[in-house]
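> Questions regarding the structure given below will be posed in turn.
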Amino acid sequence: MSAGNIFMVVAPSGAGKSSLVNALLESDRDILLSVSCTTRAPRPGETDGRHYRFLSVDTFKQMRDNGQLLEWAEVHGNFYGTPRDIMDRALAQGQDVLLEIDWQGARQVKKHFPGAQGIFILPPSIDALEERLRQRGQDSEQVIARRMLAAGGEIAHAPEFEYVIINQEFSVALSELKRIISAARLRFAAQALRHAALFAALGISQDSGN
């Protein structure tokens, strides 16, 4: 059985999810980012295979129909999905895996991995969310309006997640994200699997924890 944790980070567009995830990965080399597949066009600075695997719609649908995706969803007119093979290999090696996905994908992952931990990133206000979307300068007015319209529905799913971070001050939000990761690694079940020989030598049953 794997000792790896699955972390799902979810947020409406503009809440700072990608910035937080990138900063976390820079400081914690023990987490593997599960690179999602998408049919949307790359944004400035994005690299295929690092930020996303950019696929044609036909290729994406073929992977979906062949059962190669752990989860998939259509978001803002584009398809997104998590390749199953990367997840399976990482967890078999006891690797912590982070998924940067949407709430629909998180639901599907939970069905396969009930122990996966969801982290929802909230903006400090709706006005701040809109301001951030405009500041990043990547979307047209029409796209921003569509993202803002969708944000309310996405935020409504925050109660489905174990953790909520309000990204008002980036450094504070990043610190909170790191603490969630650290706490998960110290849970009894994770420690018992990671240090099985020590627990056995000390006479601690792995069935003792919850």
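The backbone N, Cα and C atoms fix where each Cβ goes, and this holds for glycine too.
Automated prediction, rather than curation, is the source of TrEMBL annotations.
Annotations per TrEMBL:
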- 4-182: domain 'Guanylate kinase-like' (DOMAIN)
- Ala11, Pro12, Ser13, Gly14, Ala15, Gly16, Lys17, Ser18: ATP binding site (BINDING)
> Helix, strand or coil by DSSP: which one applies to Ala15 (ATP binding site)?
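In the DSSP reduction, Ala15 (ATP binding site) maps to coil.
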> If you count the C-beta atoms lying within 10 Å of each candidate's C-beta, which of the binding-site residues Ser13, Ser18 ends up with the smallest number?
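Relative to the other binding-site residues in Ser13, Ser18, Ser18 has the fewest Cβ atoms within 10 Å.
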> If you count the C-beta atoms lying within 10 Å of each candidate's C-beta, which of the binding-site residues Pro12, Gly16 ends up with the smallest number?
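Looking at the binding-site residues Pro12, Gly16, the Cβ with the fewest others within 10 Å is that of Gly16.
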> Using a 10 Å cut-off, grab the number of neighbouring Cβ atoms around the Cβ of Lys17 (ATP binding site), all chains included.
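For Lys17 (ATP binding site), the count of other Cβ atoms within 10 Å is 21.
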> With the ATP site defined by Ala11, Pro12, Ser13, Gly14, Ala15, Gly16, Lys17, Ser18, which remaining residues of that chain have Cβ atoms positioned within 8 Å of the Cβ centroid?
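Apart from the listed residues, the neighbours are Ile121, Pro123, Leu129, Arg132, Asn167.
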> Just counting, how many other CB atoms are there within 10 A of the CB of Ala11 (ATP binding site)?
26
